[in-house]
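Feature annotations, courtesy of Swiss-Prot:
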type     : residues                                                                                      : note
ACT_SITE : ASP40                                                                                         : active site
ACT_SITE : ASN89                                                                                         : active site, proton acceptor
BINDING  : ASP40, GLU230                                                                                 : Mg(2+) binding site
BINDING  : GLY41, ASN42, ARG43, ARG44, TRP45, SER86, THR87, GLU88, ARG92, ARG211, ARG217, LEU218, SER219 : substrate binding site
Amino acid sequence: MEIIPPRLKEPLYALYELRLRQGLTASESRLPRHIAVLCDGNRRWARDAGYDDVSYGYRMGAAKIAEMLRWCQEAGIEMTTVYLLSTENLQRDPDELAALIEIITDVVEEICAPANRWSVRTVGDLELLGEEPACRLRGAVESTPGVAPFHVNVAVGYGGRREIVGAVRALLGKELANGATAEELVEAVTVEGIARNLYTSGQPDPDLVIRTSGEQRLSGFLLWQSAYSEMWFTETHWPAFRRVDFLRALRDYSMRHRRYGK
């Protein structure tokens, strides 16, 4: 038996959301500059809702992404990174994967729409997706302004270990091209040198990482960049993620004291 009657849920959530927003504003709460989001639980949401076709969950989750990005923009967040497709996801059933890639491509094109005026970057290896979706994604991203008040990273074909290995290889390749000796190559491998060759080069590390659907791990997401990020987990599946959940994450972040390993 439900404790709260269905007809009262929406008004109560609206009231709770208002109180959270007022609390963040009144206290001049410290907000994250960069939020990273693992949009997890699309398939589980579809199954729980009784759908045999899990692609419906992907479509509902896709509709949530632009909505969540607008919440970030309205809250004054400068940058958001969304994890849309990992390298591990590429091992899924071919038909399911094809539908997922098509949905993701549509989502990125929506995010890159001129009306949003967002600066968008892809992080990941687009070549893993195939020529047609990779071409569409590049075209969409290149159509966005290079500089804008709100920046979005879309992680597609992304793997954290793969990114770090690629950054080290790129760093050493540049040094070799400049005629570096073996000793100079060793000296060139520094924290700063690797960071300059990551997909997110030149960007701030995420202050807050949000993961939906109850899993409490990074699953390879921004392994290097999230070393000192605050984590926030919710049992809510991504398609059911609400603004009130987002505001709770901001509230909890504002109450934490970041130590950066000290």
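Keep in mind that glycine also has a Cβ here, set from the backbone N, Cα and C atoms.
In this entry, substrate is bound by GLY41, ASN42, ARG43, ARG44, TRP45, SER86, THR87, GLU88, ARG92, ARG211, ARG217, LEU218, SER219, whose most widely separated C-alpha atoms sit 22 angstrom apart. For ARG92 (substrate binding site), the Cβ neighbour count at a 10 Å cut-off comes to 15, with all displayed protein chains included. Residues near the residue listed as 'active site' in space but far in sequence (CB under 8 A, at least 6 apart, same chain), listed by position: ARG211, THR212, SER213, GLU215, HIS237, TRP238.
Of all the binding-site residues listed here (THR87, ARG217, GLU230), it is ARG217 whose C-beta has the fewest other C-beta atoms within 10 angstroms. Contacts of ARG43 (substrate binding site) defined by a Cβ separation under 8 A and a same-chain sequence distance of 6+ are given as VAL54, GLY57, TYR58, in order along the sequence.
Note: GLY41 (substrate binding site) has non-local neighbours GLY61, THR212, SER213, GLY214, THR236, HIS237, TRP238, PRO239, i.e. same-chain residues 6+ apart with C-beta under 8 A of its own C-beta.
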